[in-house]
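Here is the structure we will look at, set down as C-alpha coordinates.
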(Lines of atoms letter the chains of each structure in order from A and count residues from 1; the text may use other names and numbers.)
(Lines give C-alpha, C1' and ligand atoms only; values in the text may rest on other atoms or scores of the structure.)
Protein backbone atom coordinates (compact mmCIF):
# COMPACT_ATOMS: atom_id res chain seq x y z
CA UNK A 1 0.00 0.00 0.00
CA UNK A 2 2.88 2.37 0.73
CA UNK A 3 4.20 1.63 -2.77
CA UNK A 4 0.83 2.51 -4.28
CA UNK A 5 0.46 5.76 -2.34
CA UNK A 6 4.06 6.74 -3.12
CA UNK A 7 3.42 6.23 -6.84
CA UNK A 8 0.08 8.03 -6.56
CA UNK A 9 1.84 11.10 -5.19
CA UNK A 10 4.52 10.76 -7.88
CA UNK A 11 1.98 10.71 -10.71
CA UNK A 12 0.12 13.67 -9.19
CA UNK A 13 3.41 15.53 -9.26
CA UNK A 14 3.80 14.54 -12.93
CA UNK A 15 6.84 12.31 -12.39
CA UNK A 16 5.17 9.78 -14.66
CA UNK A 17 1.98 9.50 -16.68
CA UNK A 18 -0.42 6.71 -15.60
CA UNK A 19 -1.62 4.49 -18.44
CA UNK A 20 -5.00 2.72 -18.28
CA UNK A 21 -4.73 -1.06 -18.50
CA UNK A 22 -7.58 -3.53 -18.84
CA UNK A 23 -8.95 -4.28 -15.36
CA UNK A 24 -8.89 -8.05 -15.79
CA UNK A 25 -5.21 -7.97 -16.72
CA UNK A 26 -4.21 -5.80 -13.78
CA UNK A 27 -6.35 -7.61 -11.21
CA UNK A 28 -5.23 -11.09 -12.30
CA UNK A 29 -1.59 -10.01 -12.44
CA UNK A 30 -1.78 -8.28 -9.05
CA UNK A 31 -3.45 -11.26 -7.38
CA UNK A 32 -0.87 -13.65 -8.82
CA UNK A 33 2.03 -11.55 -7.53
CA UNK A 34 0.38 -11.19 -4.13
CA UNK A 35 -0.03 -14.96 -3.92
CA UNK A 36 3.61 -15.38 -4.95
CA UNK A 37 4.77 -13.14 -2.09
CA UNK A 38 2.64 -15.07 0.40
CA UNK A 39 3.88 -18.44 -0.85
CA UNK A 40 7.52 -17.36 -0.56
CA UNK A 41 6.99 -16.57 3.11
CA UNK A 42 5.05 -19.79 3.71
CA UNK A 43 7.81 -21.74 1.97
CA UNK A 44 10.36 -20.36 4.41
CA UNK A 45 8.00 -21.04 7.32
CA UNK A 46 7.34 -24.70 6.47
CA UNK A 47 10.83 -25.65 5.25
CA UNK A 48 14.37 -25.45 6.52
CA UNK A 49 16.51 -22.54 5.36
CA UNK A 50 18.54 -24.91 3.19
CA UNK A 51 15.48 -26.27 1.39
CA UNK A 52 14.17 -22.71 0.95
CA UNK A 53 17.44 -21.77 -0.74
CA UNK A 54 17.11 -24.82 -3.00
CA UNK A 55 13.62 -23.63 -3.93
CA UNK A 56 15.01 -20.24 -4.97
CA UNK A 57 17.74 -21.96 -7.00
CA UNK A 58 15.07 -23.96 -8.85
CA UNK A 59 13.41 -20.79 -10.14
CA UNK A 60 16.03 -20.16 -12.87
CA UNK A 61 15.83 -23.58 -14.58
CA UNK A 62 12.03 -23.61 -14.26
CA UNK A 63 11.86 -20.14 -15.83
CA UNK A 64 14.06 -21.32 -18.70
CA UNK A 65 11.75 -24.30 -19.27
CA UNK A 66 8.63 -22.10 -19.30
CA UNK A 67 10.15 -19.51 -21.63
CA UNK A 68 11.39 -22.24 -23.96
CA UNK A 69 8.03 -24.02 -24.10
CA UNK A 70 5.64 -21.07 -24.21
CA UNK A 71 7.72 -18.19 -25.56
CA UNK A 72 9.85 -20.23 -27.95
CA UNK A 73 12.85 -18.44 -26.47
CA UNK A 74 16.26 -19.91 -27.22
CA UNK A 75 19.00 -20.17 -24.61
CA UNK A 76 22.47 -20.97 -25.92
CA UNK A 77 24.59 -23.73 -24.42
CA UNK A 78 27.01 -21.05 -23.15
CA UNK A 79 24.24 -19.27 -21.23
CA UNK A 80 22.96 -22.56 -19.77
CA UNK A 81 26.47 -23.60 -18.74
CA UNK A 82 27.18 -20.25 -17.05
CA UNK A 83 23.88 -20.48 -15.16
CA UNK A 84 24.75 -23.99 -13.97
CA UNK A 85 28.09 -22.68 -12.64
CA UNK A 86 26.24 -19.85 -10.88
CA UNK A 87 23.66 -22.16 -9.30
CA UNK A 88 26.38 -24.58 -8.20
CA UNK A 89 28.28 -21.78 -6.48
CA UNK A 90 25.22 -20.34 -4.72
CA UNK A 91 24.20 -23.85 -3.67
CA UNK A 92 27.61 -24.56 -2.15
CA UNK A 93 27.64 -21.20 -0.34
CA UNK A 94 24.08 -21.06 1.00
CA UNK A 95 22.52 -24.53 1.18
CA UNK A 96 23.41 -26.13 4.50
CA UNK A 97 20.59 -28.48 5.54
CA UNK A 98 17.89 -30.17 3.47
CA UNK A 99 15.02 -31.21 5.73
CA UNK A 100 12.08 -32.39 3.63
CA UNK A 101 8.39 -32.64 4.52
CA UNK A 102 5.34 -33.21 2.34
CA UNK A 103 3.48 -29.96 3.04
CA UNK A 104 6.65 -27.89 2.72
CA UNK A 105 7.49 -29.57 -0.59
CA UNK A 106 4.01 -28.87 -2.00
CA UNK A 107 4.27 -25.22 -0.97
CA UNK A 108 7.75 -25.05 -2.53
CA UNK A 109 6.43 -26.33 -5.89
CA UNK A 110 3.56 -23.82 -5.82
CA UNK A 111 6.05 -21.07 -4.90
CA UNK A 112 8.30 -21.86 -7.86
CA UNK A 113 5.37 -21.97 -10.30
CA UNK A 114 3.75 -18.72 -9.06
CA UNK A 115 7.06 -16.84 -8.92
CA UNK A 116 8.17 -17.91 -12.41
CA UNK A 117 4.82 -17.15 -14.06
CA UNK A 118 4.56 -13.82 -12.23
CA UNK A 119 8.04 -12.70 -13.29
CA UNK A 120 7.56 -13.81 -16.90
CA UNK A 121 4.28 -11.92 -17.10
CA UNK A 122 5.90 -8.85 -15.51
CA UNK A 123 8.22 -8.81 -18.50
CA UNK A 124 5.65 -9.75 -21.14
CA UNK A 125 2.92 -7.31 -20.04
CA UNK A 126 5.36 -4.40 -20.15
CA UNK A 127 6.57 -5.37 -23.61
CA UNK A 128 3.19 -6.36 -25.04
CA UNK A 129 1.09 -3.49 -23.71
CA UNK A 130 3.90 -0.92 -24.01
CA UNK A 131 3.66 0.14 -20.36
CA UNK A 132 6.57 1.14 -18.16
CA UNK A 133 7.56 -0.64 -14.95
CA UNK A 134 6.23 2.32 -12.95
CA UNK A 135 2.87 2.27 -14.72
CA UNK A 136 2.42 -1.47 -14.20
CA UNK A 137 3.48 -1.34 -10.54
CA UNK A 138 1.12 1.59 -9.88
CA UNK A 139 -1.83 -0.26 -11.40
CA UNK A 140 -1.18 -3.66 -9.78
CA UNK A 141 0.13 -2.84 -6.29
CA UNK A 142 -3.35 -2.31 -4.71
CA UNK A 143 -4.37 -5.84 -5.68
CA UNK A 144 -1.12 -7.32 -4.40
CA UNK A 145 -1.65 -5.65 -1.04
CA UNK A 146 -5.32 -6.72 -0.99
CA UNK A 147 -4.35 -10.40 -1.25
CA UNK A 148 -1.88 -10.08 1.63
CA UNK A 149 -4.25 -8.01 3.77
CA UNK A 150 -7.06 -10.55 3.43
CA UNK A 151 -5.00 -13.73 3.77
CA UNK A 152 -1.97 -12.63 5.82
CA UNK A 153 -3.54 -12.01 9.26
CA UNK A 154 -5.77 -15.10 8.94
CA UNK A 155 -2.91 -17.44 8.01
CA UNK A 156 -0.63 -15.86 10.60
CA UNK A 157 -3.17 -16.42 13.37
CA UNK A 158 -3.82 -19.97 12.18
CA UNK A 159 -0.11 -20.85 12.33
CA UNK A 160 1.08 -18.84 15.36
CA UNK A 161 -2.16 -18.58 17.41
CA UNK A 162 -1.49 -14.84 17.73
CA UNK A 163 -3.41 -11.90 16.28
CA UNK A 164 -1.31 -9.32 14.46
CA UNK A 165 -3.89 -6.62 15.23
CA UNK A 166 -3.62 -7.33 18.98
CA UNK A 167 0.09 -6.55 18.97
CA UNK A 168 1.27 -3.55 20.97
CA UNK A 169 2.61 -1.14 18.34
CA UNK A 170 5.10 1.12 20.09
CA UNK A 171 6.61 4.18 18.43
CA UNK A 172 9.84 2.29 17.79
CA UNK A 173 7.97 -0.57 16.09
CA UNK A 174 5.99 1.82 13.88
CA UNK A 175 9.16 3.66 12.86
CA UNK A 176 10.83 0.42 11.80
CA UNK A 177 7.69 -0.68 9.92
CA UNK A 178 7.67 2.61 8.00
CA UNK A 179 11.41 2.28 7.32
CA UNK A 180 10.83 -1.24 6.02
CA UNK A 181 7.99 -0.01 3.80
CA UNK A 182 10.15 2.80 2.42
CA UNK A 183 12.87 0.33 1.49
CA UNK A 184 10.21 -1.95 -0.02
CA UNK A 185 9.11 0.84 -2.37
CA UNK A 186 12.63 0.91 -3.83
CA UNK A 187 12.75 -2.90 -4.00
CA UNK A 188 9.38 -3.14 -5.77
CA UNK A 189 10.30 -0.43 -8.26
CA UNK A 190 13.71 -1.92 -9.05
CA UNK A 191 12.20 -5.42 -9.40
CA UNK A 192 9.70 -4.34 -12.06
CA UNK A 193 12.32 -2.17 -13.76
CA UNK A 194 14.96 -4.92 -14.00
CA UNK A 195 12.51 -7.60 -15.18
CA UNK A 196 10.94 -5.24 -17.72
CA UNK A 197 14.19 -4.01 -19.23
CA UNK A 198 16.14 -7.31 -19.10
CA UNK A 199 14.52 -10.69 -18.42
CA UNK A 200 13.25 -12.85 -15.54
CA UNK A 201 16.41 -14.99 -15.72
CA UNK A 202 18.69 -11.96 -15.44
CA UNK A 203 16.64 -10.75 -12.46
CA UNK A 204 17.17 -14.11 -10.74
CA UNK A 205 20.91 -13.90 -11.42
CA UNK A 206 20.89 -10.50 -9.75
CA UNK A 207 19.01 -12.04 -6.81
CA UNK A 208 21.73 -14.65 -6.34
CA UNK A 209 24.34 -11.88 -6.36
CA UNK A 210 22.36 -10.40 -3.48
CA UNK A 211 22.62 -13.73 -1.64
CA UNK A 212 26.40 -13.71 -2.03
CA UNK A 213 26.57 -10.10 -0.80
CA UNK A 214 24.38 -10.94 2.21
CA UNK A 215 26.73 -13.76 3.19
CA UNK A 216 29.81 -11.58 2.65
CA UNK A 217 28.55 -8.55 4.56
CA UNK A 218 27.22 -10.81 7.30
CA UNK A 219 30.76 -12.00 7.87
CA UNK A 220 32.43 -8.58 7.48
CA UNK A 221 29.98 -6.48 9.51
CA UNK A 222 28.15 -8.90 11.82
CA UNK A 223 31.00 -11.40 12.22
CA UNK A 224 28.76 -14.29 11.19
CA UNK A 225 30.45 -17.71 10.96
CA UNK A 226 32.14 -18.08 7.59
CA UNK A 227 33.70 -21.31 6.36
CA UNK A 228 35.96 -22.22 3.45
CA UNK A 229 32.84 -23.72 1.81
CA UNK A 230 31.15 -20.31 1.84
CA UNK A 231 34.21 -18.68 0.27
CA UNK A 232 34.53 -21.31 -2.46
CA UNK A 233 30.80 -21.16 -3.20
CA UNK A 234 30.75 -17.37 -3.50
CA UNK A 235 33.81 -17.37 -5.77
CA UNK A 236 32.24 -20.01 -8.05
CA UNK A 237 28.96 -18.05 -8.11
CA UNK A 238 30.70 -14.79 -9.01
CA UNK A 239 32.59 -16.62 -11.76
CA UNK A 240 29.28 -17.95 -13.09
CA UNK A 241 27.77 -14.45 -13.01
CA UNK A 242 30.74 -13.14 -14.95
CA UNK A 243 30.32 -15.83 -17.58
CA UNK A 244 26.59 -15.14 -17.84
CA UNK A 245 27.17 -11.41 -18.23
CA UNK A 246 29.89 -11.95 -20.86
CA UNK A 247 27.86 -14.36 -22.99
CA UNK A 248 24.72 -12.22 -22.66
CA UNK A 249 26.57 -9.14 -23.93
CA UNK A 250 28.22 -11.10 -26.76
CA UNK A 251 24.93 -12.62 -27.92
CA UNK A 252 23.08 -9.32 -27.60
CA UNK A 253 25.77 -7.58 -29.69
CA UNK A 254 25.58 -10.34 -32.30
CA UNK A 255 21.79 -10.01 -32.57
CA UNK A 256 22.14 -6.24 -33.01
CA UNK A 257 24.74 -6.67 -35.74
CA UNK A 258 22.60 -9.29 -37.51
CA UNK A 259 19.54 -7.07 -37.33
CA UNK A 260 21.44 -4.05 -38.68
CA UNK A 261 22.70 -6.07 -41.63
CA UNK A 262 19.14 -6.85 -42.77
CA UNK A 263 17.32 -4.54 -45.18
CA UNK A 264 14.87 -2.18 -43.48
CA UNK A 265 11.88 -3.81 -45.19
CA UNK A 266 12.97 -7.23 -43.97
CA UNK A 267 13.39 -5.93 -40.41
CA UNK A 268 9.92 -4.42 -40.42
CA UNK A 269 8.44 -7.59 -41.88
CA UNK A 270 10.19 -9.74 -39.31
CA UNK A 271 9.11 -7.49 -36.45
CA UNK A 272 5.51 -7.44 -37.54
CA UNK A 273 5.31 -11.15 -38.17
CA UNK A 274 6.98 -12.29 -34.94
CA UNK A 275 4.06 -13.34 -32.73
CA UNK A 276 4.35 -13.12 -28.96
CA UNK A 277 4.13 -16.48 -27.21
CA UNK A 278 3.33 -18.07 -30.54
CA UNK A 279 0.00 -16.24 -30.88
CA UNK A 280 -1.04 -13.96 -33.68
CA UNK A 281 -1.31 -10.31 -32.81
CA UNK A 282 -4.77 -8.81 -32.77
CA UNK A 283 -5.34 -5.67 -34.81
CA UNK A 284 -5.37 -2.47 -32.76
CA UNK A 285 -7.22 0.72 -33.37
CA UNK A 286 -5.29 3.93 -33.05
CA UNK A 287 -7.81 5.65 -30.77
CA UNK A 288 -8.07 2.82 -28.27
CA UNK A 289 -7.84 4.51 -24.88
CA UNK A 290 -7.19 1.39 -22.82
CA UNK A 291 -4.94 -1.62 -23.32
CA UNK A 292 -6.89 -4.85 -22.91
CA UNK A 293 -6.02 -8.36 -21.81
CA UNK A 294 -7.45 -9.73 -25.05
CA UNK A 295 -4.29 -8.52 -26.75
CA UNK A 296 -2.19 -10.65 -24.42
CA UNK A 297 -0.91 -13.91 -25.93
CA UNK A 298 -3.18 -16.88 -25.52
CA UNK A 299 -0.68 -18.83 -23.44
CA UNK A 300 -0.18 -15.93 -21.04
CA UNK A 301 -3.96 -15.41 -20.92
CA UNK A 302 -4.49 -19.05 -20.05
CA UNK A 303 -2.26 -18.61 -17.00
CA UNK A 304 -5.01 -16.46 -15.53
CA UNK A 305 -8.18 -17.85 -17.11
CA UNK A 306 -7.32 -21.53 -17.24
CA UNK A 307 -8.25 -21.69 -20.97
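In case you wondered, yes, glycine gets a Cβ from its N, Cα and C as well.
Those TrEMBL annotations? Automatic predictions, nothing curated.
Annotation source TrEMBL lists domain 'Sugar phosphate transporter' at 22-245.
The transmembrane segment annotation in TrEMBL covers 51-71 (among others).
If you look up TrEMBL, you'll see 78-96 (among others) marked as transmembrane segment.
Feature annotation from TrEMBL assigns transmembrane segment to 102-121 (among others).
Packing against the transmembrane segment (173-195) from elsewhere in the chain are residues 2-3, 6, 119, 122-123, 126, 133-134, 136-137, 141, 167, 202-203, 206: each is 6 or more residues past its ends and has a CB under 8 Å from a CB in it. Marked as transmembrane segment by TrEMBL: 173-195 (among others).
Only residues 6 or more beyond the boundaries of the transmembrane segment (229-247), in the same chain, are considered here, and those with a CB under 8 A from a CB of the stretch are 76, 78-79, 81-94, 205, 208-209, 212, 215-216, 219. Sequence annotations record features per position, and here TrEMBL assigns transmembrane segment to 229-247 (among others).
Sequence annotations record features per position, and here TrEMBL assigns region 'Disordered' to 263-307.
Tertiary proximity for the transmembrane segment (78-96) is limited to same-chain residues at least six positions away from its ends with a CB under 8 Å from its CB atoms, namely 49-50, 53-54, 57, 60-61, 64, 201, 205, 208, 211-212, 215, 229-230, 232-241, 243-244, 246-248, 251.
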